[in-house]
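Record features (TrEMBL):
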COMPBIAS  153-169  compositional bias 'Polar residues'
DOMAIN    8-31  domain 'PBZ-type'
REGION    72-119  region 'Disordered'
REGION    132-170  region 'Disordered'
SITE      SER551  site 'Interaction with DNA'
Amino acid sequence: MNSNAPTKECQYGGDCYRVNPVHFREYAHPHIEKLLVKAASLSMVEIPDDVKVNKSVFTEQLKIVSSLFPHLSCDSTNPEKKPKQEPTTSKPPPVLASAGAVPSGSVPKANPKPSSADNKNSIEALFAERRAKMQATQQSKPAPESVVPAKQETYTPSRPTTSNNTGISLQKALPRDINSYFPVVAPRGQMAQKLAAAAPYNFFLTTITASKPTHAEPLSVTFQELLDSSLGELECSVQMNFMVDIGWLLAHYFFAGYENVPLLILYGDETPELRMVSQKKPNVTAVKVEIKTPFGVHHTKMGLYGYRDGSMRVVVSTANLYEDDWHNRTQGLWISPRLPAVPEGSDTTYGESRTDFRSSLLTYLDAYKLPQLQPWMARIRKTDFSDVKVFLVASVPGGHTNTAKGPLWGHPRLGYLLSQHAAPIDDSCPLVAQSSSIGSLGPSPESWVLGEIMASFRKDSAPVGIRRLPGFRMIYPSFSNVRQSHDGMMGGGCLPYVRSTHVKQEWLKDYLQQWCSRARHRNKAMPHIKTYCRWSHRGLYWFLLTSANLSKAAWGVYNKTGRFEKPLRINSYEAGVLFLPKLLLDENFFPMEANKKHPQFPMPYDAPQTQDTTTPDVLPTCPTEDESVNSEIVENPPPLFVAPRGRMADKLAASAPYNFFLSTVTDSQPTHTDPLSVTFQELLDPSLGELECSLQLTYMIDINWLLEQYSDAGYEQHPLLILYGDESELETISDKQPNVTAIKIKTKTGFGLHHTKMGLYGYCDGSMRVVVSTANLYENDWYNRTQGLWISPRLPAVSEGSDPTYGESSTDFRSSLLEYLGAYKLAKLESWMARIAETDFSAIKVFLVCSHPCGDYYIPDGPLWGHPRLGALLSQYATPIDATFPLVAQSSAIGEFGKSPQLWIQRQIMPSFGKDNEQQTIRRLPGFRLIYPSLANVLQSHDDICGGSCLPYSEEVHKQQKWLENYMYQWISRTRHRNKAMPHIKTYCRWTPEGLQWFLLTSANFSKSAWGITRYDKLLYINNYEAGVLFLPKILLDEDFLPMEPNGKHPQFPMPYDVPIMPYAPKDTPFFINYLRSEESESE
């Protein structure tokens, strides 16, 4: 771990909200560092009153910086903070044990950054900074053994100068003495020879700064060697990556003599330097790869190098393009041979490899749809790839089906290649996966790993027959591995597996193996490499090097909807290369130990060499200081709660007259016995009735999770109709489950969603029930989130021959529901509408408030949808209250409102939401409050930062409406034991000291798409399908208000949050979905 603070300042300064150690290790925060220097200890730091972020966030930032850079608490310039034991000249100062010591082989991060006179040139500043680091290193340590030829250009320190043009003339500013800037420098001009010696595999690992044996290892490389002149005279290049430190990257090009050569960068993680690099360096073009889903990243690590003789080269890697990834981490690279241009006039198929690498690469690049890649694709078409003997295995975001050439992406692509080219593999040989991050894999091994993944990864060329499932092993560093790494605990900065994910899949413990790489001198270099393979005592059947971690986002997940072609959903860009012995050696196995015929395959970790064929191979065990810590990485999670069967009818009867529930929260034990908490399973409880058929309307759905709920209730064969909105592509589910029909609801506008969450349950005795909810039909929405449900009483069938109006409720709920379902214009709903028409809804005492996509809807004919519908109901039934009592909105997402509250909230929403039945009295508009979780709320949630994944408000939108912060209030729900369960519920209400004037539970977030916009008070435009229920005291209790406290006459209304509501703490901010993406991406 570095003991000195970084020198590159965070662009956000005092406004920085980050709590990720990786961010603080890379960027300086002077306002925090100054406080630590002044205080005698962390506990004595005085936090100023004017800090710009929430104090709980700032306290966490102080802890992170203090643990990362303990020297800040022992500043020699402060007499009060001198350490008790003075360091000697031969002994370094002590470092806090908990933070891990800086290894002797590491390069210490050094002194404050020297800057140019005008401080305008960030790239030159990087050189000055790196020079200062290296000088400090040379002064404080004996000169290490050089791996560079003795004759080197000497360097006389001088301030770098800036050029006057728009580019950067680094050649004039700095001499080309690379040793002053990088800790490990390989001999120049020898890379081509090293690459030739690496054949046929061409598989390298990165050099480890703190592991000297790797400096001279023939299969270790630095980034500088990829630009070595022996490989060719560079004409242009492309770098595709996730994280890019542009200064670090351009430094390598500078020292290679290619600072003015055209460079195209495709990247995933945004930085201001990348956005502006073309202004300083016109030869550099940087393009951020945008991905539609918030859960996807541009994770590929690939380089294309074009040479002046027309040849080119491809490098597929696992390393980001910034210093730490090439310092003390284990990374993998495949480097292609030099690929010549095809002769002019050649056939278009000439120069294709046996692995179709060229066409695969073109297909992958074409998926970006970027004009900047067109010249490269033209060059690739004219390049001879016949020497390439590995397969390209890539992923691109989107929904995918098979093609005439087989699957193109993700785990089906790998499975297809294995089925074509892998030698038959004994089923006793496990799949060994090794990755630097682990995604959400599901509640059991069968959910995805032993289901989808193993179905692809187990394949070989043997004829299809009855086979048993291979075993599975997962190499992932243990706590002890990280603690003993070169960088101490900070060695885990590249391992972003979070506790909140692990507690949901503790079954994975049974499959985990430690990181052990003594043979490659990388036992203490934590792996950012990702590999997958299978082997036996005979040898290695296949090996995959890839950027893809073990996650659904990287490899894809089937929607399990078709009999033959199952649509695959992938979120991220990934790229890897597959080594198959049949193509590389014309053998069935790669040798895993030296033999006279073929070179040993260079495994990145230690693998057993056993001749025992009676038991499956297992991975070796690396002894640790304390083996017990391996079982203490995470706490035991609470078990998933299962409510007692047969009691839901009693629970529902006791909830009258409101019938308003919140979903049970897994990590909040008190909610498990709360009489007003429910699980989805309870909606299918036999005490509610013997189910005959059901209808589920929702946005997002996990069909496997839903069918499992029905199966557990004994209803797996009952007719189920599903209307859904998200891209689940479930239309062909009937091929597999004939009793299930799924229909995707499409909206005419690209901004609309089918966002309704409603269930209709028909029972064998002819009765039915309606449930209006805020929860999607997938596990996460029913786990640690606050959701709301209104559950109707059991609604009997009307007597035969009854008048058509018989059985209507006082709220016209039946006709409103029929109106809403009729708007879908679906034949599949006609039988349900007929059933509803013959059902007695008279026991229902809430109003249905819905939205339906519409344009040019004429309101005076009777408002059926959106905010005019709510306003019309309030104008008839809501008790008049003073305008000083505000509307309180509470939502899990926030729309775009414009540059002031007057544009939509005050002109359209408040006139509707502020109505009551005293229509003739002119009053001013009520105030407005919006409950939306703050950053501090989310950081303290059950799932930590991941708890914010249900809160998709973006920082970009907020910047256009910062006025909204004046109206924002925290999420606080201590009374209901849901303070740490982030709200996906949506509610709207007004209250006075006397009680609730009205309360609305709905799927509709606070947005124009959900509630609609009006034109001339006559025309209404809505984008979404939404549904909710309105509680009015006059209808429910024949009173003016719903009681918010026990009064002896009526039950207290079960508010989902604490009243009174609390504004944001000073300097706290709303939670933005950007925070979650930053936390995920910074740890890649």
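Just so it is clear, glycine is given a Cβ too, placed from its N, Cα and C backbone atoms.
Across the domain 'PBZ-type' (8-31), the model assigns an average pLDDT of 77. Around SER551 (site 'Interaction with DNA'), taking its Cβ as the centre, 22 other Cβ atoms fall within 10 Å, counting all chains. Mapped onto three states, the DSSP output places SER551 (site 'Interaction with DNA') in coil.
Helix, strand and coil counts from DSSP across the domain 'PBZ-type' (8-31) read 11 helix, 2 strand, 11 coil.
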